[in-house]
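Below is one structure, written out as structure tokens; the observations come after it.
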Amino acid sequence: MSLAEFALIDRIRARTLERDDILLGIGDDAALLQPRANEQLVVTADTLNSGVHFPVETPAFDIGWKTLAVNLSDLAAMGARPAWCTLALSLPEASEDWIDAFADGFFALADQHDIALIGGDTTRGPLSLSVTAMGQVGRGQALRRDRAQLGDDIWVSGTLGDAAGALRLWQQAALSVATATLLADYESLRLRLLRPTPRVTLGLRLRAFAHAAVDVSDGLLADLGHIATRSSVAAHVDADSLPISHALRELLGRDDARDCALRGGDDYELCFTAAADQRDALHYLAESLDVPLTRIGRIAEGQGVHLDGEAANGGYQHFA
């Protein structure tokens with residue numbers, strides 16, 4: 001059954017949580033918000049298009065989850081606490097079942113991070129979803145790309161390449177005769193692709209340790225390159241230190257797994273730099289949050305990203 005526009009809006013509005021800092025939410029021409037005193041507003045926006053950012057057969061729940069997750073990852077990279085978001089939907093058809101499943105995924109993640117939907121737009125067209133997410137951070141406490149310092153260690157959270165590996169296998173339909181073990185490995189990678197975990201809590205805690213940070217959305221080499229460029233330094237990466245999951249190595253082999261880790265994108269992990277004397281504190285932080293943190297290199301004089309001593313390039317670019 002299809003929904004008319006206002007019925008669709010009402011269906012989504014009924015799911016959003018309430019916050020004391022929302023003076024006026026969905027239902028007027030715009031929202032009225034009351035940011036906390038002495039905090040700065042952090043704003044990010046991302047658009048996901050069917051067939052570009054997710055396969056066309058992706059379940060609606062997973063689309064809903066990922067639509068918000070990629071924005072929360074940006075807030076995490078800035079050390080911001082999520083607060084509000086808007087959602088613009090372009091749909092070929094407003095199917096009641098699809099909308100409900102999409103909302104289930106979107107709000108499952110929104111509720112985890114206490115972020116409220118405060119407005120948006122709906123229109124008929126090819127499937128496309130745009131979120132603007134807003135968070136707050138103490139004045140002068142935001143993590144940025146331009147603050148890496150000479151001698152810093154380079155760290156990354158979680159494992160790299162899982163999402164890219166899953167997408168590669170999905171597109172190749174490469175597991176039609178796989179064993180049960182390989183299928184289980186594939187499902188673990190596929191979950192990383194469809195339901196990434198934004199490292200919001202880690203980002204908040206890193207404000208006490210990190211000098212510079214970025215979320216890994218376009219591939220480690222590309223995103224670490226942003227830190228190197230903005231900070232006017234060189235980033236040296238040790239390829240053997242990259243955190244690559246057992247599942248990815250088993251399914252793709254060593255070389256392809258490493259390529260996914262370096263260039264694949266869609267990881268939504270945090271890459272950051274910190275002083276060498278913070279190593280023990282960061283190991284303790286990793287244990288306390290149950291989030292792996294791996295030291296993969298160092299910051300030095302120069303420019304660009306270097307892999308095992310050689311200049312390296314790579315990563316996803318939409319218009320390349």
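Placement of Cβ uses the backbone N, Cα and C atoms for every residue, glycine included.
Annotated Mg(2+) 3 binding in TrEMBL involves ASP29, ASP215 plus, out of the candidates ASP74, ASP255, ASP256, ASP259, the residue ASP74. Here ATP is bound by GLY120, ASP121, ARG145, SER217 per the record. The longest Cα to Cα distance in that group is 32 Å. Sequence-distant contacts (6 or more apart, same chain, Cβ under 8 Å) of THR44 (Mg(2+) 4 binding site) comprise ASN71, ASP74, LEU75, MET78, THR132, ALA133, MET134. Sequence-distant contacts of GLY120 (ATP binding site), defined by Cβ-Cβ distance under 8 angstroms and a gap of at least six in the same chain, are ILE12, ILE26, THR86, LEU87, ALA88, LEU89. The 10 Å shell around the Cβ of ASP121 (Mg(2+) 1 binding site) contains 12 further Cβ atoms across the protein chains shown. For the binding-site residues listed here (ASP29, ASP46, ASP266), the lowest count of other CB atoms within 10 A around the CB belongs to ASP29. Put simply, of the binding-site residues ASP46, HIS53, ASP218, ASP266, the one whose Cα is nearest the Cα of ARG145 (ATP binding site) is ASP218.
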